[in-house]
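Asks: Pasting in a structure now, in structure tokens, and then I'll have a few things to ask.
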Amino acid sequence: MLFNINEKGEPLVISFAPFLSPEAIKHLQENERCSDQSQKRTAQQIEAIYTSGQNILVSASAGSGKTFVMVERILDKILRGVSIDRLFISTFTVKAATELRERIENKLYSQIAQTTDFQMKVYLTEQLQSLGQADIGTMDAFAQKVVSRYGYSIGISSQFRIMQDKAEQDVLKQEVFSKLFSEFMNQKEAPVFRALVKNFSGNCKDTSAFRELVYTCYSFSQSTENPKIWLQENFLSAAKTYQRLEDIPDHDIELLLLAMQDTANQLRDVTDMEDYGQLTKAGSRSAKYTKHLTIIEKLSDWVRDFKCLYGKAGLDRLIRDVTGLIPSGNDVTVSKVKYPVFKTLHQKLKQFRHLETILMYQKDCFPLLEQLQDFVLAFSEAYLAVKIQESAFEFSDITHFAIKILEENTDIRQSYQQHYHEVMVDEYQDNNHMQERLLTLLSNGHNRFMVGDIKQSIYRFRQADPQIFNQKFRDYQKKTEQGKVILLKENFRSQSEVLNVSNAVFSHLMDESVGDVLYDEQHQLIAGSHAQTVPYLDRRAQLLLYNSDKDDGNAPSDSEGISFSEVTIVAKEIIKLHNDKGVPFEDITLLVSSRTRNDIISHTFNQYGIPIVTDGGQQNYLKSVEVMVMLDTLRTINNPRNDYALVALLRSPMFAFDEDDLARIALQKDNELDKDCLYDKIQRAVIGRGAHPELIHDTLLGKLNIFLKTLKSWRRYAKLGSLYDLIWKIFNDRFYFDFVASQAKAEQAQANLYALALRANQFEKSGYKGLYCFIKMIDKVLETQNDLADVEVAAPKQAVNLMTIHKSKGLQFPYVFILNCDKRFSMTDIHKSFILNRQHGIGIKYLADIKVLLGETTLNSVKVSMETLPYQLNKQELRLATLSEQMRLLYVAMTRAEKKVYFIGKASKSKSQDITDPKKLGKLLPLALREQLLTFQDWLLAIADVFSTEDLYFDVRFIEDSDLTQESVGRLQTPQLLNPDDLKDNRQSETIARALDMLEAVSQLNANYEAAIHLPTVRTPSQLKAAYEPLLEPIGVDIIEKSSRSLSDFTLPHFSKKVKVEASHIGSALHQLMQVLPLSKPINQQTLLDALREIDSNEEVKTALDLKKIESFFCDTSLGQFFQTYQKHLYREAPFAILKVDPISQEEYVLRGIIDAYFLFDDHIVLVDYKTDKYKQPIELKKRYQQQLELYAEALTQTYKLPVTKRYLVLMGGGKPEIVEV
């Protein structure tokens, strides 16, 4: 009953219907079954909507209407007197919460319209009004409410903010880490700590690897119920437990013995084959058969009598015995067919090899792990203290605060438990243990309603644990008093062609070992309506593979993304769908595994005129041109003496100074000053007091005056106004916001600039003030190699969608293409130097010194990286968890399709057969095979091969190059909307039509030649942008002989009294010296001094050259000696020119440069380049100049038709010469 007040102020009593009993629910199910409704609710849906009074876990397969069930259940609760504000409803995303709220709102409006009872109308209207304040949202949002309201109980201010920007978090983390690292390096246990750092970083100076370890441990701990307790009690769990052979888990031993027995059984099956050849011609046993029988008997005996023959203590001996018994190869060949009998056993033996040695040294790493535990605990506390001081927290902090409030305050916890009639959770399979703890605290123990599908758990990278769902599933099935499991199997989304192929694939692929759930009848998809079962032969699933048999090896590898040929296959199929079946582009979606390296898809689709909307890529907001210009503008306003920022601002479209202008300004220095910044030179140029005032002409003087006046006004405004207003003042004063509107990707550029102003505003609202602080924050973000989130702009609606599988979850599309099926799963995590596990804690690779073990006496140490027992244990679990999630990703991708699913990949047709022997397998692919295969494509091909006698509901087709010609792919048929010859259609005069035609022609011409407009005729390698290089196509190249050089370098005269030696002058002098140095003579100081006299440089530069370093290069390095040995093959300072083609306009331009040195042999070339840059690590220069050397190599190869086999950088900017092979 519920009391409301009527218009006279009198109480109105509303009598609500009671909740349905199990018998009433069965009666309702029967009525629904017998009804003549076109769309009936299933019996399981009815059970999930109306069952009450206990915990309920709804396992909802893809497309089974779980959102419909949740909305109907919520509405039923409301109609039975449960106010909407007494329901806790958790969703995985804010978007899902908004959609759910809208659906409930529509249902309430509909119910109000249908209800004739005035009292019920008033009640439902109140529910509608309360909907906005109801607890429908993410767990993060709810935790914020709890902390805002009760944070005082644990000492947390209600006036906190959320640090959503990872860059801001990293800046704070870096500050805390650096301070803590210094403290630990100076503590009593510093030697142990240094050993810890060296174990992961190699040396104490480079802390990046150790820092990453600490950050990962911290982040992992935050997903647990209580990070501090986990770090104290679980972090070293495996390290403490697994120290002897006897500590190895029984499960691992069982798997080894099972592999041994399976090997014996498979070998017996092979020996029983008719063509095996058990007997010789004489009728006696063949030697091969005798050997195999011995293996079978011994393996079976050792498995049966393991405990008495070996036991855990003798495990190392068993491994040696088995290794010595079986052959080193994997296969047994019968009639030219290879059977991988021993493959699985070899993999298991590898896991257990060298156990005694590992355990001997493993104990030495325990003190290191204790130091790591102390450091991570200290880091967690210090980082939290900084966040408390700033009153800025991460989402995980807020959730832990909420948990702490509920755990430590019984009255608060009970008030929530009494308030909520039911605790409802959507996407339950993606919860982590922290969220599970919060839900447990809110529930009274028997009022939880959880909806999810373990087959769609794909957020392990967010520490989601599908075992939470799995454990509930098992517990509720075994102990019905704890809760009830309801299965929603009917799919209302997809046609039978999609459902059948999904069932066929996963019934052969997914079980508890890989996938975390057995894909049996209770998990298989069933069509929810008759219309879905109508067959369409042309919608049968397709596995389309580009045949790579003729691949020249230049195509991208799996790690580099999808190939051009694969994208062309997709384009061909889309053109066919669009032209032949009239399928609109928006009905087609491409699914990829990651957001990166998808540019080739957009590029290829543009070629074929197929519109596409992408899901974005890597974050490059701060690196966009328009944002970089604005940041340099702000840096200049803050400090005009920052030459780099000032030059960028002057060269920007806002002021448009060119190279000649800057050169004239640069000469206006003060002769009495050694160091003179560009800003001072500008001021002197304006008043005519520079060293060369005659170079400043009237036009340049006018530009300088405008610049100084504008900069002065900006600097004055920066002291008075907000950052937001300053940025808009810059936009308006120099029309920069309008300017970018005329450039390519105008909408994106304007959105980026607008976002910069908003972010500056948000920055100041966060408590930080001033231009200096904002610039410092941005620079720290860039220093930590982070970026800010990209800005989204409105996308066209009639276009093909490209998105990640993760992004597609919860969505549906008529036609789905799953791309890059040949891409290998990322196994990076299982090869790291450490692996974390919630139960076992950390396992590490230990860098052990085995000098004593080897009896080595000459070397100081012999270091070997060992996988400790905890590491091996975590590694095996992580590998299976990774494969399981990849399997679930494939399930999510396939079940997005409504009508048809395509798989796109690349494989060698000649090598794709013979995956395994099909005759001895059950329903599933063998576990060893599923573990071994590491791509979607391999799984599908294995299923197609092994179960070839079944109808698997998908076809495998190899696509040849001949199928991908322009004629074969075809062109889009685009209907002409207006007939240009029909004036009734056009409704415009001839004059206007001609004008529009002319404008269109000019626009097209500019578009075609845009790159040519902006590209100069001649460029140098250092000027060529790295991002543009892959698009350019070399068509001609020539190495210019030294005698053909017609232009000599022109050097401006020195007007100053004292010449400053620039780094570039030293570099030029070194190159000249290396060019004239006579290599036929011994290289010593005298030889170098003689050569030095021949070069064209002033005495200050010659004095600055480090001749000892040059002598050391020739005398102490193998490359220097190579110069002298093969001097007849050496060419020095060779100019080159490459003719390049702009990919858009097809305009040609010349790229020129000079190659420092190369050796030309009969069959190959060796390339050498000298660098005088200062550096900390050689890898910095290697990355910086890699593309430049690739360009030089390209020039040499084009000229001589020989490969460049070696490329060297000679680094002269350090303490001694270093040689780096690129």
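Each residue, glycine too, has its Cβ placed from N, Cα and C.
According to Swiss-Prot, the protein carries these features:
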type: DOMAIN; residues: 39-495; note: domain 'UvrD-like helicase ATP-binding'
type: BINDING; residues: ALA60, SER61, ALA62, GLY63, SER64, GLY65, LYS66, THR67; note: ATP binding site
type: DOMAIN; residues: 524-810; note: domain 'UvrD-like helicase C-terminal'
Asks: For the binding-site residues listed here (SER61, SER64, THR67), which one has the lowest count of neighbouring CB atoms within 10 Å of its own CB?
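Replies: Sparsest of the binding-site residues SER61, SER64, THR67 by Cβ contacts within 10 Å: THR67.
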Asks: Provide the three-state secondary structure of GLY65 (ATP binding site) computed with DSSP.
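Replies: In the DSSP reduction, GLY65 (ATP binding site) maps to coil.
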Asks: Looking only at the domain 'UvrD-like helicase C-terminal' (524-810), what is the mean pLDDT?
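Replies: Mean pLDDT across the domain 'UvrD-like helicase C-terminal' (524-810) comes out at 84.
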Asks: How many other Cβ atoms sit within 10 Å of the Cβ of ALA62 (ATP binding site)?
Replies: 24
Asks: By a simple count, how many Cβ atoms lie within 10 Å of the Cβ of ALA60 (ATP binding site), its own Cβ left out?
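Replies: Its Cβ shell of radius 10 Å holds 29 other Cβ atoms.
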Asks: Excluding ALA60, SER61, ALA62, GLY63, SER64, GLY65, LYS66, THR67 themselves, which residues in that chain have a Cβ inside 8 Å of the centre of the Cβ atoms defining the ATP site?
Replies: ASP453, LEU488, ASN491, PHE492, ARG493
Asks: Should ALA60 (ATP binding site) be counted as helix, strand, or coil on the basis of DSSP?
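Replies: For ALA60 (ATP binding site) - judged by DSSP and reduced to three states - the answer is strand.
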Asks: Sorted by position, what residues of the same chain at least six away from LYS66 (ATP binding site) have a C-beta under 8 A from it?
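Replies: Residues satisfying the criterion: VAL58, ALA60, ASP426, VAL451, ASP453, LEU488.
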Asks: So if I draw a 10 Å sphere around the Cβ of GLY65 (ATP binding site), how many other Cβ atoms end up inside it?
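Replies: Result for GLY65 (ATP binding site): 22 other Cβ atoms within 10 Å.
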Asks: When you measure from the Cβ of GLY63 (ATP binding site), which residues in the chain that are at least 6 apart have a Cβ under 8 Å away?
Replies: ASN491, PHE492, ARG493, SER494, LEU525, GLY528, GLN812, THR895
